[in-house]
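The structure appears below as structure tokens.
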Amino acid sequence: MILNRRSFLGTATAASAALSAPMALGQAKPRVVVIGGGSGGGTVARYIAKDSNGAVDVTLIEPSRKYYTCYFSNLYLGGFWEFDALGHDYGNIARLGVNVIHDWAVGVDRDAQTVALASGEQVSYDRLVVAPGIDFVEGSVPGWDVSQQSLMPHAYKSGTQAQLLKHQIENMREGGTFCMVAPPNPYRCPPGPGERVSMVAHVLSEINPTAKILIVDPKENYSKQALFEEGWERHYPGMVTRIGPDFGGENVEVRPDAMEVIIDGVVEAVDVCNVIPAQKAGKIAELAGLTNDSGWAPVLPADMRSRMDENVFVLGDASAQGAMPKSGYSANSQAKVVANVIRGELTGSRIFPARYSNTCWSLIATNDGVKVGANYEAGEDQIESVSSFISQTGEDAELRQQTYEESIGWYNGIVADIFG
Amino acid sequence: MFEKLKPLILVGALLAPTTVLGQATPIGDASAGAQVYQRECASCHQIGDGAEHRIGPHLNRIFDRRAGSHDDFRYSEALVRQGRDGLFWDLARLHAYIENPRALVSGTRMSYRGLRDEERRANLIAYMRAYSDQPQNIPEASPTAIAREVELSAETLAIEGDVEYGEFLSAECTTCHQRSGEHSGIPGIVGWPEEDFVVAMHAYKQKLRPHEVMQSVTQRLDDEEIAALAAFFRELGRE
Ligand SMILES: Cc1cc2nc3c(=O)[nH]c(=O)nc-3n(C[C@H](O)[C@H](O)[C@H](O)COP(=O)(O)OP(=O)(O)OC[C@H]3O[C@@H](n4cnc5c(N)ncnc54)[C@H](O)[C@@H]3O)c2cc1C
């Protein structure tokens, strides 16, 4: 018998009898479909395939042949990392037995338990993992929409946007202004905008030292703020100005054709403008009916299972899980919990209680790295933060250099963990 | 809990018999805390959207704030002094201050007798927590809940590690440490003698070894878990 949602809903006794026996016994292989081959989806596909030794049929749906990480894309902007080194292909994930389909998922029929692909094909599943990352909230920065992304790049999803932004920064007129429109909470990578400003400042101080950086920020405060501000004052004095909500940072509009930013009614001419709009779960999560009014997909804290459907898990940035920041590290950590649960449900292997953690490193200047991290546990309603740490202001140069080297180690570690 | 399929949560529980739900203990019951706030604090302090200083300063973003640090509020010299000395409002300090303000700051102008009832105080603090920075936005923000206790025992080194559990736990390590054992900015840990592994992990856990990420990771590993990890990484080294 293939278990689907209808039989699931049949009678409680039938369902529990079926469920107490692992699905793999006496039937075709159970099928897991993963939508999105990023930090979360790549990890979950790999871990289920690796740990189940072929007992589970895993399909990964991802349009790109190569995944370019957002992590270290700021270091690429700063000239500390090569663009090619951000790219990872799916060869090793496929070699573990994952069926990798390079296509877009365009819909999910949760009653029939199938995913529709842009090619017109349907893929059916026993368990579905949805890990599409983020999309932008339309109209969140008046004057900007994705059709303007070549004039005012976001560089907040993986790929060519980072190259475009780098090109614009390097070709900015002497003494020009780089403007960043920072996003409201919650958004992917809380220290990401601060790290980006640091890397842009690094490049400009080398090639265009009279240039200015203007941050327009709707938030009162942001992650690692004291560390970034200390670093900017030390390494790039006078270059960075931040306009927070008190001075109109909440009320911003852009005119991409004129390269203007209107802050609380005052027109500023800028030379490069990096617009990072408000964010929500990747579109497919919404199409699948997995999101709520917040735009994110609510999940149960113990295992990232969708609150809308017990056969579906939502991972990484797209999920509304509670206290974990939207980061590659978090997505990878959540994916391992989900892989363990799905494998257990489908093959009868042991299921262990969730363990979640996160650390985010940022580079401020050459050899000046800082980090922030925390442990998380499932609470009753959401994932909770139970302890945290952060680098201190005033740390000595050797420690900062060691922290930077550690971040390189982390990058190599996580991409090996997902794609290696 | 499931918005659409409420009854099936039981089935979910059957599916995952060993999954422990709700490990972290909440600070308190924030909705009960709203009432405590109304009775005990609201006549002097505002909190929430548009809150302003009144008789006392507003309480938005009180967690992680240095004592006496609003520029536009006139505090007692005693409170400002404590702030200069390094008093930040965290869970423990807020508990102590609300229980008896003078225990923490002699000479505070907060003429409040204190709230002795621990449960009501915890609920109140949970309510106030909601108006401070959230860790999903600012990961370094104060924790939102209390971690479960992890016990140390004398027979630690003798525990025989559960390799399968170790494999699950090891996934937390391999975000940074490579399975291949390779070093690059982060040391390799594959194939270590089990005893060295266990000793090192306990040294991080007791904060004898300094690294914050490792201290944080080991903080919530109990003896069996450390033994399981040691056993798994030993096995991985043999492969
Ligand atoms: C500048 C910057 C710096 C960052 N630095 C760090 C850092 O230092 N550390 C850190 O931990 N995190 C960092 N992050 C955050 C990190 O990149 C994200 O949190 C992480 O990638 C989220 O993983 P995910 O799997 O949820 O989404 P993603 O990694 O974005 O993966 C989603 C995948 O789904 C695919 N997809 C989307 N829709 C569909 C569909 N309909 N069908 C099929 N596939 C689909 C996409 O092509 C994509 O490959 C940074 C982010 C930015 C922008």
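Note that Cβ sites are derived from N, Cα and C of the backbone, with glycine treated the same way.
The signal peptide annotation in TrEMBL covers B:1-22.
Annotated domain 'Cytochrome c' per TrEMBL: B:28-132 (among others), in sequence order.
Model confidence over the domain 'Cytochrome c' (B:161-237) is summarised by a mean pLDDT of 87. Residues annotated as domain 'Cytochrome c' in TrEMBL: B:161-237 (among others).
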What counts of helix, strand and coil residues does DSSP assign across the domain 'Cytochrome c' (B:161-237)?
46 helix, 0 strand, 31 coil
Could you give me the DSSP helix, strand and coil counts for the domain 'Cytochrome c' (B:28-132)?
45 helix, 2 strand, 58 coil
